[in-house]
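Please read the structure below before turning to the comments.
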Amino acid sequence: MHGLLLAGLAAALPLGVAGLPARQQSGLSPRGVDINPYRFASMAKYSEHKSTSQMVHSFSYSKDDDYVATATKLVKSTFPNMTFRTVKDHYIGTNGIGHVHFKQTAHGIDIDNADFNVNIGRDGKVFTFGNSFYEGEMPKTNPLTKRDFSDPVKALQGAIKTLKLPVKPQSAKAMPMKEAETFKFEGTSGALSDPMAKLVYIQKDGKLHLTWRVETDVGDNWLLSYVDSKETETVHNVVDYVASADYKVFAWGLNDPTEGQPTMIKDPWNTTGTGSPFTWHGDGQMDYTVTRGNNIAAQDNPSGGEQWENNYRPDSPELSFVYEYSEQMEPDQYKDFAITQLFYTTNTYHDVLYALGFTEEAGNFQMNNNGKGGEGNDFAICNAQDGSGTNNANFATPPDGQNGRMRMYTWTTAQPSRDGDLEAGIVIHEYTHGLSNRLCGGPANSNCLNELEAGGMGEGWGDFYATAIRLKQGDTHDTDYTMGEWAANMKGGIREYPYSTNMQTNPYTYADVQGMDEVHGIGTVWATILYEVLWNLIDEHGMSKNIMPKFVNGAPSDGRNLAMKLVLDGMTLMPCNPNFMQARDAIIDADQALTNGQNKCALMKAFSKRGLGANYKHGKNRVNNFDMPADC
């Protein structure tokens, strides 16, 4: 394999932007579906490590049980009269914690928003768990016996009409799939792939409702619409696999073209650990001379259409991807540079996250999982200069085994226009949606960041990772960072406040979430809290200048990578659709698992400063608590 020469930025990848070029906290595309009125209500419960340790003394274990059997026993003992199935996405994380996920059923039909996740420690005992199982009255009769529900085609028509989807169903035919009561629709137009439907229950307002879960990928939205099984113009709830935001980037360490110049980099996979065993241009079966490999397929998409496989990519038999860029050029004049930049940024981030624990078993994005678990066949499709929009970006995350899809847009906020592919923060923010949606609730369930507060954390994680990666040697606790400033051509960035540990510069506390009804604003609060976490850990452990983390006893040795690792591990512990308090507890539990709780007080100091103190009680009204634990 020839050496790869990238005229990409070898420094730092920035972060993500909220989607609109003004400081209104909104990421809704003008042509998209507003799912806010259809979000599921929060129902998750989480038993953090301390409470779990006290509870499981009375729980019966067998030394012969594997971690899946132990987890199954816990669910059975907690809900002895309920039925459920084991989701086939269990794995043991790089921190030694086993993760097992369960889906509640009724009459053999999934209750789609009723989940139970169990995390098993190295000692074989339950470490933490969470659940949103339905505990109300079950339907007495099996709906499959009387078949007293609508035809799935009517459900598709109802979703299209109610949500005003750009899909034409006139000739739709429901073709049965192998899985019971699951159908693919043929004869439609307007969607990027054939719509699907599956008969499921959902819990809502204390009752179970039988619905058709209608799946439609229309580009700006990839929706799961829960259509009433009888009244098919009633849509109970909607989940969107697509997450939007606005950002810009240059290279690893450089946030955007204002921070440095393009740098020649040779064989970058040699410095990014074991995440890419086939290099960035092979998948174990094929070697490519274009910007495609096991992790990423990067190409332009000026039409904004669904096709990507045969779209234009830079091609170099010598793997010398060296192209010109100037701020005086229009984006279409440097598309080779932009595609190469996007390919470099996403592959580097893939490898960094791999080292931190986003592996094949955890549901990462790869064509060939090389026998290491997970589903495979799901590398990320990354479109540069996508013509389906401007001044934004998005990432669609279906379950493990289906391709993630990133669409990066140009920005018309300056003359000449600017290309979001050159602001690493935007790229990192978007790819982080793939990370969080695969880890929260398990790789097979991409519905676990749909509720408003949980969805806000999905946005906040994107900002957090983009900002953490952007930090530079010489930065201190007093260093502030904005979001999307270059791409949006907006001094101060696109968020309400810059990320800062100074309460005068950024006064956000958890109580501010009370008045918010949009995920990007909530995400800014969550990322503000995590910025405090980041700097407390850097103050304790320092900050490495290396791209990849170094580990001591399984934990990153520097504060930046430790913060990124604990936040990632926390995602794997928390329940489906968590709230801020549950996410806080999961991060503290992640530290307990990784370092035996050495950083508990540094973490709680950060959370307490912003209102999530030791005595905070989650309720309808969010009231700050600034208390530290007694043992700190």
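Quick reminder: no glycine exception, Cβ is built from N, Cα and C everywhere.
Checked against Swiss-Prot, the residues N81, N270 yield a single entry marked N-linked glycosylation site: N270.
Fewest other C-beta atoms within 10 Å: among the binding-site residues H429, H433, that description fits H433. With a 10 A radius on its CB, E430 (active site) counts 32 other CB atoms from all the protein chains.
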